[in-house]
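Taken from TrEMBL as is:
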ACT_SITE  Cys374  active site, phosphocysteine intermediate
BINDING   Asn313, Ile314, Cys374, Ser375, Asp376, Gly377, Trp378, Asp379, Arg380  substrate binding site
COMPBIAS  577-597  compositional bias 'Polar residues'
DOMAIN    164-537  domain 'Myotubularin phosphatase'
DOMAIN    344-390  domain 'Tyrosine specific protein phosphatases'
REGION    574-606  region 'Disordered'
Amino acid sequence: AVKNRDTIVTVHKVHAAARLLAASAPVTADASSTIFIRLCVYLCRAYKDIIYICPFAGALKGKVFITNYRLYFRSNDVDPSVILDVPLSTIGRVEKMGGASSRGENSYGLDITCKDMRNLRFALKQEGHSRRDIFELLFRYAFPVSHGLQLFAFLSQEKYEENGWNIYEPVDEYRRQGLPNDKWRITFINEKYELCDTYPTKLVVPYKASDEDLRRVATFRSRSRIPVLSWIHRENQAVIVRCSQPLVGMSGKRNKDDERYLDVIREANGTPKLTIYDARPNVNAVANKATGGGYEGDDAYQNAELVFLDIHNIHVMRESLRKLKDIVYPNVEEAHWLSSLESTHWLEHIKLVLSGAIQVADKVSSGSSVVVHCSDGWDRTAQLTSLAMLMLDSHYRTLRGFQVLLEKEWISFGHKFTSRIGHGDKNHADQERSPIFLQFIDCVWQMTKQFPTAFEFNERLLVVILDHLYSCRFGTFLFNCESVRDANALRSKTVSLWSMINADSSSYVNPFYTVESSRVLYPVASMRHLELWVMYYIRWNPRIRQQSQSPMEQRYRELLALRDQYVKKLEELQMSEDPSSPHLTNNSTPSATSPRQRITHLHTPF
């Protein structure tokens, strides 16, 4: 038997349950999910005669399986079966419903609030201890960190051919951008995280700035997050630099080293004025002076122009998402839909983030260097730099390039995933929680809608990324920064999400994709052009799923199959051509393209 006090089944029963779960997995699940079910470390419990109070189909009796990774429910009496498959780390809150004196039908059970926009309610019998047992199991394994346990990613036994941890190598990515050069250098000053414990080990800084200069600048930037290069324009050499706010305070302190350092950044490509984009509303930046922060004043930074982008803080975004969830789950109120959506301000926030990124991209494209920061430089800053880079650099619009972008701007530069998502933490009311990364992915989706041929990846990739943002099945989005990841040996002890994605890359390919190497994308950040991402926020509504999701995925599959047929036909035609044909001889020039190279030009007509 498996040695664990919560385990009540023997090994052969675990295997039998795994086979049952695999056999009953939804047909829409990807192949790796079906295989993965068998790799759950152990089954904790199985319960019969549990009633799921479905907001769409009413009370449904079925079976519940709880493993150390997921809660799995399958109904008994309806065809097709209603299936719930919920990774335990996606659960944000578990509460008991009703008490010993409850007499109403289905009034005794559990309420489960999930981080992925759904709430689940289960009714149980009052006799016995099933509610107590389920509650304790869920509470223990949905919040392992609060119970001194490991997150599931450290227990997973998944194996893939490609190691997704190798998708991003900082020096290789900087070389792709043409760095280092005579103006910019790569420094290893942070190799032991001594300069800044939330920055990566490899940083790109002005060639003229010594490591000692960097140490002095760090004393004047919040959390020591000094201005460092994120991206450089190959032609005009304008750069996107990211950092945190200066520590000006109420007394209006100045730091000559910081002022000189920003001027060196400006001089690197001869920009007359360095534009500093402060993501915050002006009033918030002023208020931050009271806690020692602030912004770059005109008197101190005379060769810089300061622009406030009016993007609100994590607390405003958290409340906006809460309001959005209220109007999309479980039911969508048709009569007042537009006014209800407007009252959430969600699309308004999306607009402001996109608008800010457009300003950054446009300024850099026109030849001017920019500095981007918010308060600490790990939330709104990451949104703006990564979106601007997505607009400017077509490499990041490829499947693997997008993975590099996330690894670089979000993961390595210290977006606080653990704090913002609350991985394994029972404190659902933690004020550090906020949907910053979700908001960024929503902005990416808005861009894919406006430029349907510009992105190699499809909507499914974005949804899968968000699902595993919460699932803790992979190590990719765990912990707040690289120093903590290294301390926990994340790369050697967990699997990267990109290992799974790249093992089945064809599932995430956009059949309409057309390669365009130099095109800059400027999405329209107008409320008239922005849409609610229905297939994410309302996907749990079965009516929405039936109407939209399946046909779209089916169409993707058809188009990809059609593309493969054309590739095969081209290969057959080439093989059947006259061997004396010049382009098939041994003297064929390197410019002759293969069928798979040429087929990229056939994407658009599909």
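Each residue, glycine too, has its Cβ placed from N, Cα and C.
Feature annotations (TrEMBL) mapped to structure.
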{"residue": "Asn313", "record": "substrate binding site", "DSSP (3 states)": "coil"}
{"residue": "Cys374", "record": "active site, phosphocysteine intermediate", "DSSP (3 states)": "coil"}
{"residue": "Arg380", "record": "substrate binding site", "DSSP (3 states)": "helix"}
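Sequence-distant contacts of Asn313 (substrate binding site), defined by Cβ-Cβ distance under 8 angstroms and a gap of at least six in the same chain, are Arg280, Asn284, Ser375. The two recorded residues, Cys374 (active site, phosphocysteine intermediate) and Arg380 (substrate binding site), have Cα atoms 6 Å apart.
Looking at the domain 'Myotubularin phosphatase' (164-537) alone, the prediction's average pLDDT is 97. In the shown protein chains, 19 other C-beta atoms lie within 10 A of the C-beta of Asp376 (substrate binding site).
Sorted by the number of other CB atoms within 10 A, the recorded positions Cys374, Trp378, Arg380 start with Trp378, the lowest. Residues Ala279, Thr381, Ile436 surround the recorded substrate site, their Cβ atoms falling within 8 Å of the Cβ centroid of Asn313, Ile314, Cys374, Ser375, Asp376, Gly377, Trp378, Asp379, Arg380, which are themselves excluded.
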